[in-house]
Amino acid sequence: RSQSMEESEFITETSNSLNEASHYLEGNSSNEIYETLTEKDSLKSVSSTGSKSNENEDQVQNVQFSETSTRDTSPLSEPETPQSSLSVTETTTGFQALVSILSHENVRKVNAQVSEENQEVDLGSHNFTVNLEANGLQEFPKDSLKVKYIKYLYLDNNKIKTFQGADLDDLLGLEIISLQDNELSSLPQEILLLHNLRILNVSHNQISHIPKEILHLGNIRQLFLNDNYIENFPSPGIESLRNLEVLSLSKNKLRHIPDTLPYLQNLRILDLEYNKLTIFPSALCFLPKLISLNLTGNMIGSLPKEIRELKSLENLLLDHNKLTFLAVEIFQLSKIKQLQVADNKLEVISHKIENFKELRILILDKNVLKNIPERISYCVMLECLSLSDNKLTELPKNIYKLKHLRKLHVNRNYIVRITEDIAHLNNICSLEFSGNIIKNVPIEIKNCRKLTKVELNYNKILQFPVGLCALDSLYYLSFNANSISEIPVDISFSKQLLHLELNENKLLIFSDHLCSLTNLKFLNLGKNQIRKIPPSISNMVSLHVLILCSNKFETFPRELCTLEKLQVLDLSENQLWTIPSEICNLKGIQKLNFSSNQFIHFPIELCQLQSLEELDISQANGTKLTKLPEELAKITQLKKLDISNNAIKEIPRNIGELRSLVSFYAHNNQISDLPPSFLTLKELHQLNLSGNNLTVLPSAIYNLTSLKEINFDDNPLLRPPIEICEGKQLYTIACYLQRADERDEKILQKIFKIVANNITETNFEFLCQKLNLRNSETDVPTKSPVSLNERAYQTFVEWKTENLSLTAAALRNQLVRALTMIGAYEIMDKITALNLYTCTIKF
């Protein structure tokens, strides 16, 4: 495409991305709202952001077993159902997506006519693209770039350290160059020759200094320098970057911004998150076209009065700073659409917030706000309001006037009641009031017809809110840690419900009304007082995840065996002692948690489950198992096995048949050795054998090449010593064992010589009898007699050859015991002296 078409697309994408940011709110549960922002690449390709659409499809695979709480239980949702949860992380990611729209991946869309597969040189093309991403390059390619007409050069994800040897005269036509994720420590001075350069991406490198020559790139439009070690931005001559529209300097070490920055009159997007700024640079206030400004993760304590000059600003991110108040001048920014000030120390919000007539997103989580001004109702375009982790006791009475509000999150405050006016929020989709002191939900909530997700965990609710049962769009409902004792018949009308959590309530029965939820996929009834399951549970044909931990089950409910689509079942912390054979009907089961129950023997019925991938039968609070059956090896798909906190003495000899095993947790048992087949588990990544009776680790443990996490603490280890294992590094342990084997082999040879040179004929005959050795005297021709010491040494070597399965240390111990039995004390004294000498050398 022509450059003019490209510019037109750039402007269109930039404006559209503002709308994208306001809707980029889908994804996690309220439990994730207040986590610190992850260090994900803000300028990675959009493909990494786009992959989120596939995450929901796999969520059922990633549901973790609940143990004592359901705070960590992953929500299950359908990809086709619109999500309605909001977090500070997500809205910040929205800004990142906004910048990402202008990063190198989307720039490539401008050149869509250049096929990605076309790697050959076409001298007739005037838009030639060279893509050498992830090719393991360690230096700037020279010969392969001596081609005319190169405009777009992608060298991402290599190991390039310098431009040394690069002849930039051959690249004068370059318009886009992307070198992110390399090992660059600087940019060459010759970069000033690239007069046509419009986009430069050198993010995720090790650059500490920006050369002043970069100021000669008068045509540059987008400059990505994030995730480096930059401490200063060049000041004199910055006016030459008059065409710059996007500047990303996030995750560097900037302490100040040059006063000459206002010369960037066309700058529209500026990202300075996670630097070391302590003040809001007043220079930022004089960028007339700036629409998006990200200052998240700095140490800014106040805003300057000049902020009112940012007349075009639409997105302002100030999360994770040290603001105690918002300067009143900020409310003169009439075009603001997104304002994030989470994780600061704000005590009050000015009533002048009424001036934000265009505001769509307002995030004020993790402050110390005690009230919200009534005049917030004048923010008539507000779609998302998040006020979690403050000190609010009530919401503004006029909040119902926010007709466009879609998401209202007020978790972990001191809210006593939800008023009847909630019915006026006709467009509300997501409602989160977890961690408050609410006792009931008004029936008027039934008028919120677009509501799709409700979270009211950790409140004082006594009765299930029947008003919610009238909502046709509601698919996610969570009431964990309340005092609900009964399920109303009205719940049977919520056929569309996909996700229901009632963990830690006061339910006595598994209600038949729940069995009418034929589309339900996730059900959490853990930590109640349920004793049995109704036969009608067979109607729940869509159920994938069922959590019944910490209830009153004494026998495994056979009714569960009718759930053919069940993938995850948690019955931990009950009183189960047997498993019925019908469990084999759970053809699709992938994760089972039977921890802390009363099994006397390992339930061998589990070995029929060919689809099982994770099994937890640890017994921290239950009856201890003493043995694992050989049949366990039949679960060939098993990837995670937890047998910790039992009294198991040995691991099945055929455990090596579990070839898919990735995680093995067997801590706090009585295991004394590892069977040889264990060392064939090539896929094993995590191994915890702490708190057992291991004294020796096998030398061949280095065969577990995939092992990343190991723990042998609290074992009486002698070989290697526990000190060697404390570092939890397989390489260190393997090196020690290899050298120990070499040392043991040398010691064994010396002992053979000591015995052979000092033993008498009589004692040698006795020794052969004790060790079942074959006296080689009869094999030697009489014409060439062999001395006793030669004959004895040859016998020992043959004995060692016949016992290759035994280690040198084991053979030495057998030989020493036999010598003691025949009374060869002088030889024993010499061997003891040798052992003392070798121990001294080892020390």
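Just so it is clear, glycine is given a Cβ too, placed from its N, Cα and C backbone atoms.
Computed from a predicted structure; not experimentally measured.
Noted in TrEMBL for the protein shown:
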- 1-10: compositional bias 'Acidic residues' (COMPBIAS)
- 11-20: compositional bias 'Polar residues' (COMPBIAS)
- 44-53: compositional bias 'Low complexity' (COMPBIAS)
- 59-89: compositional bias 'Polar residues' (COMPBIAS)
- 153-275: domain 'Disease resistance R13L4/SHOC-2-like LRR' (DOMAIN)
- 537-644: domain 'Disease resistance R13L4/SHOC-2-like LRR' (DOMAIN)
- 748-835: domain 'LRRD1 death' (DOMAIN)
- 1-89: region 'Disordered' (REGION)
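Averaged across the domain 'LRRD1 death' (748-835), the predicted model reaches a pLDDT of 82. Broken down by DSSP into helix, strand and coil, the domain 'Disease resistance R13L4/SHOC-2-like LRR' (537-644) contains 23 helix, 15 strand, 70 coil. Helix, strand and coil counts under DSSP for the domain 'LRRD1 death' (748-835) come to 66 helix, 0 strand, 22 coil. Residue counts for the domain 'Disease resistance R13L4/SHOC-2-like LRR' (153-275) under DSSP, helix first, then strand, then coil, are 20 helix, 17 strand, 86 coil.
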